[in-house]
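I have placed the structure first, in the form of structure tokens, so that the comments after it can refer back to it.
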Amino acid sequence: MTIVGAGSWGTTIASLAARNVPVLLWAREPGLAERISTTHENPDYLAGHSLHPELKATASLPAAAEQADVVVMAVPTHAFRQVLAELTPHVRPWVPVVSLAKGFEEGTNNRMTEVITEELPGHPAGVLSGPTLAKEVLAGLAAAAVIAMPDLSVAQRLQSLMRTSLFRVYTGTDVIGVEVGGAVKNVVAIAAGMADGFGTGDNTRAMVISRGVAEMTRLGVAMGGDPATFAGLTGLGDAIATSISPLSRNRTLGVQLAQGKTVDEVTRSSRMVTEGVRASRASRELAEKFGVDAPIIGEIDAVVNEGRTPREAFRGLLHVEPATEGEAG
Ligand SMILES: NC(=O)C1=CN([C@@H]2O[C@H](COP(=O)(O)OP(=O)(O)OC[C@H]3O[C@@H](n4cnc5c(N)ncnc54)[C@H](OP(=O)(O)O)[C@@H]3O)[C@@H](O)[C@H]2O)C=CC1
Ligand SMILES: O=C(CO)COP(=O)(O)O
């Protein structure tokens, strides 16, 4: 198996899968690849955590791609197509490609499996997602995710490569639902973080998560997802983990915005990606395209991309008329 992207999550999945199969991890920096292979650590993203001793890394994308029987894409959405295009000439024809990224492509608003299908037509394209904060998973705390592929038998084969006794991998075929849930939960987590940053209570947090998941569900169903998916691990489950955890970068962004920092100040303070910034714009545009009512998504996009203040957004949301629960607002 080849994992492309040696950030927090790619390294974690690579270390887990190395218990089951030989894994080659592609890191952009040769020094980091060397360090992972020799000292079994990734000090740039997961300092203090030991990686599986059999895990090997390389900085050569062709070498990583040529030997792959499965390609797992662990670079963020902004780099996804470019890195995929670079490895495309080196990937054998039948190889499945799995996305770990949670977001939409900037500009096109495509899901990552749509990007895979455009760049590598004919390859099975799927997604692994769920409430899986990397540091907890790597520390060996029990967690669960879903691998969704159009063909269930391919998902089952990949499940056996990725699962461990503590990392429970479920299978599914609702690729659209899993991808939309993974992207929109980042927007919900920013909103929940803002509420926490204002010092609101647990009822408020539950309101934000539930109404955020209602927007995720309306959008995901309009895009072709199965309604049941949004109540599962990759929808509500991930929205809860990301909205309550101090480890979440999206929640942290929300907290710090509410405390007066700017998006630039927060995102520049860490080399790690905060996907919710791009996902809010894409989710808002998709909601408009599909005629879906999505007030939380709209307000979060206005804050992170248009300079609206968190307080104005919070007040704006409190002015939305509470409608029939399943329908709007
Ligand atoms: N962290 C988590 O807990 C989870 C994250 N995810 C998702 O996984 C995806 C990756 O996240 P995560 O690993 O956390 O991100 P990190 O910020 O930890 O790491 C990002 C990785 O992508 C690489 N990268 C960034 N830009 C480029 C580029 N232009 N070209 C090539 N490589 C690039 C970085 O390389 P370099 O160091 O050289 O810059 C680094 O290896 C995101 O979509 C995220 O939402 C999903 C589940 C859990
Ligand atoms: O996707 C994640 C947990 O499931 C990670 O969330 P953050 O990107 O907000 O850290």
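Using the three backbone atoms N, Cα and C, a Cβ is placed for every residue, glycine included.
Because TrEMBL annotations are produced automatically, they should be read as predictions rather than curated entries.
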TrEMBL NADPH site partner of S8, W9, R28, Y45, K102, A134, V273, E275, selected from R157, R249, R251: R249
Which binding-site residues sit within 10 Å of K185 (sn-glycerol 3-phosphate binding site) - Cα, from S8, K102, R249: K102
Cβ under 6 Å from ligand 1: qualifying binding-site residues of S8, R249, N250, E275: S8, E275
Helix, strand and coil counts within the domain 'Glycerol-3-phosphate dehydrogenase NAD-dependent C-terminal' (174-314) (DSSP): 108 helix, 0 strand, 33 coil
Rounded Cα separation (Å) that holds between R249 (NADPH binding site) and D238 (sn-glycerol 3-phosphate binding site): 13
